[in-house]
Every structure is written in C-alpha cells, then in structure tokens.
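The annotation transmembrane segment is assigned in TrEMBL to 6-30, 50-69, 81-104, 125-146, 158-175, 182-201, 236-255, 276-298, 385-406, 412-430, 437-459, 508-529 (among others).
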Amino acid sequence: PEVKKFVAWDYVVFAGLFLVCASIGVFFAVKERKKKTSKEFLVGGKQMTCGPIAFSLTSSFMSAVTVLGTPSEVYRYGASFILFFLSYALVIIFTAELFLPVFYRSGITSTYEYLELRFNKIVRLAATLIYILQTILYTGIVVYAPSLALNQVTGFDLWGSVVATGIVCTFYCTLGGLKAVVWTDAFQMIVMIVGFVTVLIRGTTLNGGSTKVWEDAYEGSRLNIFDFDADPLRRHTFWTIVIGGTFTWLGLYGVNQSTIQRCISCKSEKHAKLALYLNLLGLWTVLVCAVFCGLVMYSHYKSCDPWTADFISAPDQLMPYFVMDIFSSMPGVPGLFVACAFSGTLSTVAASINALATVTFEDLVKKGFPNLSEKMSTWISKGLCILYGVLCTSMAAAASLLGGVVQASLSIHGMCGGPMLGLFTLGIVFPCANWKGAVGGLLSGITLAFWAGTGSFIYPAPPTKSIPLQLSTLNCTLANSTGTLMAAAPTAAPDRPWLAETWYSLSYLYFSAIGCLGCAITGLSISFITGPNKGEDIPPVLIKPVCDLCCFWSARLRAFLWCGVRHDSQE
C-alpha cells in the first residue's frame, strides 16, 4: 500500500516548530544583550531553577534515537526494553549523590577542570579530546537518523533536513547561549510528549482498545520481560539491561559535560539534585510512551510486517511509516510527529554544540591564551559554536555509512563513555589513584572497549543470541510477492575466529562496563606500582567519601578508610 506523503498542512506545522525554536534564541539574545560575559553565555550565570533544567535534561537525552528507535526495538524484540526504568533510576541516584556534589562544590565550568585539579593537565587534555571525538560522532548519528527515517517515509528531502537541523541548532546556540538551549528544550519536551500521546491514542482506538493491544502483544510473546538468563552474549536480558544499561547511561549522564554543565548552572546544589530527580520522571514517561507505541505498532502490523515485506528499508523507519499510515486521513498530524522526532534532534544537537564550545574554550583556548578580554572570549565562544555546528553536520554525512542507528549510537557512548566513567570514578572514589594510573587506566579502558566494539561491528553477533521475535507477512498485498522471499539462499557461514563467538558477541550494552572496569582496575594497579597519592595532599572537596555509607557506626574506621583525606577539616 502506497503511504501518503506530506501535504501542505504538515509542512506548516513542522515549519512552525522550527520558527518557535529560532525565536526563543533571538528572544534570549535580545534580552541578555547587556550581560556579555562568556560565563553568562556558557553557564547561564548560575541562575537557573530546577524546573526548566529537568525538562532540558530529559529532552536532550531522549533524542530522535529514542523516538524512532525504541518503538521499533520493542516491535521486533519485545517489551524487555521497559527494564531500562531500573537502570535510569540507578543512574540518577549515582549521579545526584556521588558525582554531582563533587562537581558542584569544586566550582568548575567544565567537568574536565576537575581532572586537572585532581590529577594534572595531561589527564585533562586526554579526556577532553576523547569527549570531543565522542560527541561529534554521536551528534552526527543523531542528526542523520531522523533525517533518514523521515526522508524514506515522508518524502522529506534527506540532505535538506540534515543541513536545516545543523543551521537552526548552530543559530540558536550562537545567539542565545545556555539559557536559549535550556528553554527551547523545555518547549521541545512538551512537543515530544504530545506527539507520542497522539500516536498512542489514535493507534489504540484503531486496533480495538487497550485490552486488545495487550492480548495481541501477549500472544506474540512481546511481554516476556523478566528474562533472568545470565549469559552476557544475549542482547537484552534482565542483567544486560540493568547492569550494562546502568554503566552505559552513567557514562552518558554522571560524568558527561552536557549534563553536568546544566546541573552546575542551577542556583544551588539542592536545585541541581531536584532537577535530576524530576528529570527521572521525565525519562520514565518517555520510556513508557515509547514502549507502548511499540506494542501498539505490533498489534497493528501483527499479520503484515512492513519491514519483512520490504515496504520500508530499515527498522528505524517503522515508526514514521506507522504514523503516516494511521493519520493519512488527518492532515497536519504527521507534521506534528515529524516535529516531535526532530525536536529531539534539535535539543540534543544544540546541547552538544554548546557543551563542545564550553569544553574547547575552557580546556584548550584559555590554556593557550590566558589573558583574553571578556568581549574577545564571548566572540570566540560563538565562533566555536559555529565551527562545531559545521563539524557535526558533516559528521552526519559520514554516519550515512554506519548502518543500524540505535545500536551504533549506544555503542559509541559505551566505548567512549565507559573509560571516562572509570577515570572519574578513580578520581572521586579512590584517593590513592595518581595521574600515571589515570592516564594508563584511560588508555587501557579505551583500548578494551574499542576492541570489543569494533570486533562486534565486523563480526555481528550470531542471530541465536539476539533473537528477534516472530513477525508475519501473511495478509500483505505484496507488490512483487514471488521473488522477494526466495532471495535469501542459504550461504555457507564464513569462518569466524574463536574470539568472534565470545568476546565480539558481547551484548553492546556491556561495552561501557568493560571500559569502565578496565580503566579503574588498571588505574589502581598502576597507581600502587608507581607509588599511590598521599591523602593529605588532596583537597577534601575533590573526593566523595563513599565509605561513610557503609561504616556510619565507627568514626575511627571511617577515618581509616578516608586514606588520609581530611574530610573532617572542611566542616
């Protein structure tokens, strides 16, 4: 069945969203004209309250990858994705209680300043470069994914939308700084939820109510959520999602510049923590919406799967296809959905550009030219925003070669975020770690994670481990029903090295855990071999005494576990 393309109304709704976004940037640029410091531009002058920040955090991390990826993931593999609500909870608790207090109290703008205070300049530089690489890679995918999916389904021009996204984001980042980013995000979060809810309501009514959808999902075994198989090679089990997912998202959340930059821009530490916990509610809401969309989609297509029937060319296009399908009679609504997917992209890209500009300015430019005038530094910040906008947009062109979008993005985060998480954990939790250990740990963590990651890219896991559930094409009116299904002649399995069956077949959610543990263990060993740090030399602000939790009864034991850091002196 030929699904309808965009009509005039859809374009009107979509353009409306873009205009609102740009005008927010202009509004803040005009309003904040008087305050021209680079601090104000990059961190919002430490005046933000918890509400908008929470919205902003949620909408940045729920990019188009979530809007398009999660429903098709659930459609193909079942609803075990909902278990991420556990990992999100763990991530937020760790971030708010372990990482945030240290960053907030030490008064820094860039998380990597912490590394210099705690270790030295070399560690900071290494971490900064890795972060810049990771963010550009990821942002490229985030720009490319929705453009691809929407292009194939709605006939929206592919490179047109890639370039448009790049231009709009760069534009309102350059004009308005952090405040513009945060408020636009809050607006986009609302658009996203509205888009999801519309799809849910319409999809459920078309498929005979929620009980019917539930029964269909149950019969299609989409509801086997708690799978306690401990095999680390299986793609999504309870353990991979809760443990692997927590590591992956902690690397994304707990130590990521774009999160911490926003939390630091809060009025007080209390506001920052509140923002994180409110943001957890947002994450849960979006997750639940996305999973239910997947189930509704399954119920709708249970007897005719558009992917195996070749109506679409990639599973990421299921969601837009579904939307065009169920709203074909209601002009303007598909436009709202496209706006919803794109607003996810806009917020992520704008946040990344803003964070990249901050990091480059604080960690590279200021180091090279310490005595810049305020006016000059604001101009440099803006120039950096433009530079990174161009870089990320061109990275999207490279992302077109990467293949499966959702997994690629989480893998990149796992491979870069894991070692970084390990590095910050070394700094914050273990007073004895020294800079040699930090550098060694970071390198070994990156090597391990990239080895596993690239391996799994070259030798994809055997299908037995990532079992897509049954999809049928019984009732499809196939355009060319004969030739399509015969094409897959059995090919002889290529010779796979022994590593491919074990190490390379690891669930992609474990990359982060490997990187993190590799970094921490190597770092500690090197520190002990080269002579560990003396606790007395470290300012207590930079260490979080984790041991206080488990030995609150004995002051002496606590003081022993502090490794000589004087936590009692700062009271």
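Please read every residue number as a count from 1 along the shown chain.
For all residues, glycine too, the Cβ spot is worked out from N, Cα and C.
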* Recorded stretches the transmembrane segment (437-459) and the transmembrane segment (125-146) touching, at least 3 CB pairs under 8 Å -> yes
* Is it true that the transmembrane segment (508-529) and the transmembrane segment (125-146) have 3 or more Cβ pairs under 8 Å, skipping pairs fewer than 6 apart in sequence? -> no
* **Cβ contacts the transmembrane segment (158-175)/the transmembrane segment (50-69), at least three under 8 Å, sequence gap 6 or more** => no
* Asked: Does the transmembrane segment (182-201) reach the transmembrane segment (412-430) with at least 3 CB pairs under 8 A, where each pair is 6 or more residues apart?
  -> no
* To do: Give residue numbers and ranges for long-range contacts of the transmembrane segment (236-255): same chain, 6 or more residues beyond its ends, CB-CB under 8 A.
  => 61, 77, 80-81, 83-84, 86-88, 90-92, 94-95, 98-99, 111, 226-230, 410, 413-414, 416-418, 420-421, 423-424, 466, 507, 509-513, 515-516
* **Same-chain residues near the transmembrane segment (125-146), Cβ under 8 Å, at least 6 residues beyond its ends** => 63-65, 67-69, 110, 112, 115, 161-162, 165-166, 257, 316, 341-342, 344-345, 348-349, 352-353, 355-356, 359-360, 363-364, 388, 391-400, 402, 405-406, 408-409, 412-413, 416-417, 419-420, 423, 439, 442, 446
